[in-house]
Amino acid sequence: MANQYKKTMNLPKTRFSMRAGLAQHEPERLKDWDENDVYGQLMKKNEGHEKFVLHDGPPYANGPIHLGHAQNKISKDIINRYWSMRGYQTPYVPGWDCHGQPIEHKVEEMLGTAKFNQLPTEKIRELCRKMAVEQVDTQRQGFKRLGVLAEWDNPYLTYVHDYDATDVEIFKAIFDKGAIYRGRKPVHWCPHCHTALAEAEIEYGDEVSPAIFVRFEMTTVPAGLEAYEGRLWVDIWTTTPWTLPADDAVILHPEADYVAVLVDGRAEIMARALVEKDCAKFGYESYKLATDADGNVWSMTGTELAHNKYKQPIFADQGEEGEFIYADYVTLDDGTGIVHTAPGHGVDDYNAGMRFNIPIIMPVDDNGCFYKGDGIGTGGPWSGMDVNEANPKIIEWLDERGTLILHEDINHSYPHCWRCKRPVIFRATSQWFVSMDKTGLRKDALEEISKVKFYPTHAVKRIGSMVEGRPDWCISRQRNWGVPIPAFTCQDCGEVVMNDATLDKVIELFREKGSDAWFTDDPKDYLGDACVCEKCGSHNLKANKDILDVWWDSGVSHTAVCKHRDNLKFPADVYLEGSDQHRGWFMSSLMTSVGAYDMAPYKAVISQGFTLDGQGRKMSKSLGNVIDPNKVCDNQGADVLRLWLSSVDTSVDVPCDDTILSHVGDAYRKIRNTLRFLLGELEGQFDPSVDGLPFEELEEFDKVTLAHMCEVHDQVSKAYPEYRFNVVYRTLYDYVTELSNGYLNATKDRTYCGGKGSRERLSAQTVWAHILTMLVHDLQPILAYTTDEIMEFLPESMRDGQKYAALLDWYENPVSSEVYAKYLPAYKALVDARAAFTKSYEEATTNGTVTEKTTQATRAELTVGPDEYALLGSLGRDGLAEAFVCSDVCLHEGDELSCEVLPANGEKCPRCWNWRELGEDGLCERCSAVVSALPAGE
Ligand SMILES: [Zn+2]
Ligand SMILES: [Zn+2]
Ligand SMILES: [Zn+2]
């Protein structure tokens with residue numbers, strides 16, 4: 001039934017619509033931000049203030065944005081918006097990692113490998129650059145749509161001239177300290193593609209390989225086997241016969257027992273655990289085990305046998321020998337418990353060899369063929385032959401010489417090149433390294449990270465243990481799309497030339513013409529006087545082909561971006577990325593910065609978990625569980641995505657799926673409705689700077705409510721700078737829920753039905769205005785679009801005189817914590833008492849004591865303890881009745897909290913629907929006064 005007094009009431013009125021229509025309206029708002037340069041206005045607003053620099057980690061310029069990107073950029077935007085409200089100038093320069101292998105691979109796919117391999121480097125680089133630029137544009141649109149404010153028109157890109165020059169600048173600084181060196185290291189090598197491959201570029205597939213058992217003749221005699229001198233052998237096992245020309249050690253397990261098998265007049269050493277199995281396999285029918293002088297079976301451990309010698313299996317004629325060494329990774333499952341080793345052809349072998357100072361012999365060239373020659377370091381009998389071709393020939397050769405024990409074929413998982421799909425080989429190549437220890441880089445880096453603030457705090461251990469265990473950093477790659485390692489080779493004597501003079505000239509060249517010039521210009525033209533071989537004096541230098549690891553590129557952004565851009569600063573205040581970047585960008589930034597400047601490039605590091613689906617699985621096309629941020633923006637709006645991000649604990653992996661987003665959508669509507677509800681009694685009718693009451697003059701109920709709001713705001717103010725967005729979200733969401741069930745529901749009678757300019761109504765409106773202002777400000781970093789939308793309807797003093805929400809200042813509580821703290825116990829007592837009231841109201845309606853379906857038709861007998869009695873007494877009988885939305889509350893002092901709910905006295909006022917004693921005009925006293933005070937006709 002329509003209320004006939006409607007016209008006499010202050011019913012809510014606002015143009016802020018209930019339906020958000022974010023998907024439709026956000027793009028319009030974004031356009032407005034663009035046209036009016038809101039980011040520029042923000043920089044201007046805090047010009048001259050202290051800066052807060054969140055340095056953007058560059059995503060790889062590849063493909064449209066995914067949810068992980070969205071998480072990353074929204075988090076950064078929340079942080080920047082927050083510190084900006086705090087008065088800091090927050091220049092934010094987004095960047096992209098543009099060099100590197102995925103782009104080069106895309107170009108190769110586009111052209112086809114044959115055509116790609118024919119193109120000159122400079123042409124490939126041109127196509128790669130074009131590809132990168134396109135990818136940057138796609139991603140930029142996606143990031144902007146999320147509402148992220150940034151220098152979008154002037155991002156940093158890792159392929160520009162100054163950036164290229166900076167790569168070499170940092171290289172020079174670290175080179176000058178003596179940490180950069182050239183060394184050999186086994187890498188996965190594709191002979192077909194002529195390149196080293198990273199572990200990520202390897203695909204494992206089954207392959208049939210020859211497995212051979214071979215005996216090597218020993219040249220030393222282990223103690224206790226003197227009786228067998230001249231007929232001692234060691235039996236080994238290998239699946240890569242072609243590595244035998246590079247053999248120079250055999251590896252045993254340090255703790256395993258080894259024995260000597262006596263057969264056909266020979267004594268062959270093998271692991272005791274494998275004797276039975278192997279002898280059966282080898283056809284050693286009547287064998288015995290060698291015994292020592294006392295007649296006991298002779299045995300020694302791997303450790304004890306170390307440093308014995310044997311004849312190199314291929315080059316023994318030339319006096320070459322190999323050595324016994326040991327390593328934990330040798331197993332006793334297969335073979336003889338002794339493996340042949342060529343440190344140049346395997347990582348484990350390399351590491352084991354390093355520990356025993358075993359030289360690296362590398363007889364295989366870029367094409368996977370043996371070098372020609374007679375001695376060690378060449379292919380000897382198989383000079384010039386492809387290693388796979390040589391395999392059967394080597395087996396045959398061994399057989400002819402009687403050293404082959406057994407040949408069988410095995411099926412095993414073998415690494416293949418991801419590009420050409422052919423099997424790869426391990427091959428030691430000359431690479432450039434940054435030493436972790438020569439100049440104390442490891443020690444210095446550890447010391448520097450101890451000064452950095454990590455969020456979450458335990459992340460310092462993670463990066464710390466990585467720094468501790470990190471091998472020297474291999475920084476060279478054999479690719480096209482990247483920044484060259486600035487080294488030259490003397491064409492006359494083969495010396496590698498690199499010194500301060502050449503490095504300075506290269507920096508100059510790159511700054512002027514970019515690193516493309518490396519591949520087109522003649523060193524004589526740009527090196528000038530520096531174009532000279534230090535060893536032989538020749539001026540005939542050639543630029544080397546290796547490029548820098550792409551992590552070097554992004555790592556030096558502390559200089560290329562933070563130092564080289566006037567509006568930024570070094571070190572940056574904070575880096576924020578996914579937790580995988582402890583190994584990646586956080587690490588390469590740390591290494592290059594400590595290497596060049598002896599200091600960390602960041603004061604704080606925030607690491608975040610990964611986005612997973614609702615069941616904790618990785619998102620993948622095949623599972624069909626991918627949440628596309630572009631689609632979420634198009635359907636639900638960027639603010640829903642932003643609210644989702646704020647709702648999750650980003651310090652661990654974060655879940656997202658359609659159900660979760662739909663719940664976030666519900667939360668969004670709840671928040672929006674509360675904002676709208678508040679605006680309904682304020683928009684166009686109340687400006688706190690003119691109409692607001694000072695704290696002391698507020699109604700008691702309003703005072704305690706405002707005190708609680710101050711407490712909530714302080715909690716939010718504490719959570720933001722700790723980057724705990726989920727605490728901000730939880731605090732504000734719970735507060736909004738509490739408001740709509742409690743205070744706002746209770747005071748809507750005063751605001752709707754009270755006299756328009758009455759002190760009581762102004763008191764409520766004052767608090768409503770504070771709450772709305774606080775919510776808009778505290779939500780601004782998260783709900784960038786919605787808070788900006790509501791700005792159009794807020795009275796001027798509630799929006800700090802600004803048009804755009806991004807330009808708001810941080811909200812200040814109306815009273816200090818000393819003042820509001822005094823009212824918090826009363827608020828707490830009120831919440832408890834109201835809960836008791838609600839509970840007994842429900843009982844009263846169930847048992848029939850109360851028949852009307854509204855609390856307004858009830859009164860309460862409330863009993864509370866002595867402390868609460870004093871606290872609640874201050875609110876007065878009317879205040880308590882208002883808080884409970886009932887007709888009357890009679891307060892009693894007792895032992896504990898209890899409440900009895902009874903039918904109200906009086907009748908229902910037809911205007912306000914409260915139960916009161918009604919007057920002659922049929923209205924309650926308050927309504928009667930309000931109506932009679934209205935001018936005639938209203
Ligand atoms: Zn290949
Ligand atoms: Zn020379
Ligand atoms: Zn009334």
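Using N, Cα and C of the backbone, Cβ positions are placed for all residues, glycine too.
All annotation found in TrEMBL is predicted automatically rather than curated by experts.
Which of 59-69, 367-377, 400-410, 873-883 counts as motif ''HIGH' region' depends on TrEMBL, and there it is 59-69. Of the given residue ranges 318-322, 618-622, 688-692, 843-847, TrEMBL assigns the label motif ''KMSKS' region' to 618-622. Mean per-residue pLDDT, taken over the domain 'Methionyl/Valyl/Leucyl/Isoleucyl-tRNA synthetase anticodon-binding' (702-832), amounts to 97.
Residue counts of the motif ''HIGH' region' (59-69) by helix, strand and coil are 3 helix, 1 strand, 7 coil (DSSP-based). Secondary structure at Cys927 (Zn(2+) binding site), taken from DSSP and collapsed to helix, strand or coil, is helix.
Within the same chain, residues at least six positions away from Glu577 (L-isoleucyl-5'-AMP binding site) with a Cβ under 8 Å of its Cβ are Gly57, Asn72, Gly584, Trp585, Phe586, Ile606, Ser607, Gln608.
Using a 10 Å radius centred on the Cβ of Cys912 (Zn(2+) binding site) and all shown protein chains, the other Cβ atoms total 22. Under DSSP, residues within the motif ''KMSKS' region' (618-622) fall into helix, strand and coil as 0 helix, 1 strand, 4 coil. Broken down by DSSP into helix, strand and coil, the domain 'Methionyl/Valyl/Leucyl/Isoleucyl-tRNA synthetase anticodon-binding' (702-832) contains 98 helix, 0 strand, 33 coil. Other C-beta atoms found within 10 angstroms of the C-beta of Lys621 (ATP binding site) number 7, with every protein chain shown included. Within 8 Å of the centroid defined by the CB atoms of Cys909, Cys912, Cys924, Cys927, the record's Zn(2+) site, lie the Cβ atoms of Cys753, Pro910, Arg911, Trp913, Asn914, Arg916, Leu918, Leu923, Glu925, Arg926, Ser928, excluding the listed residues themselves. Checking the binding-site residues Glu577, Lys621, Cys912 against ligand 3, the ones with a C-beta less than 6 Å from an atom of that molecule are Cys912.
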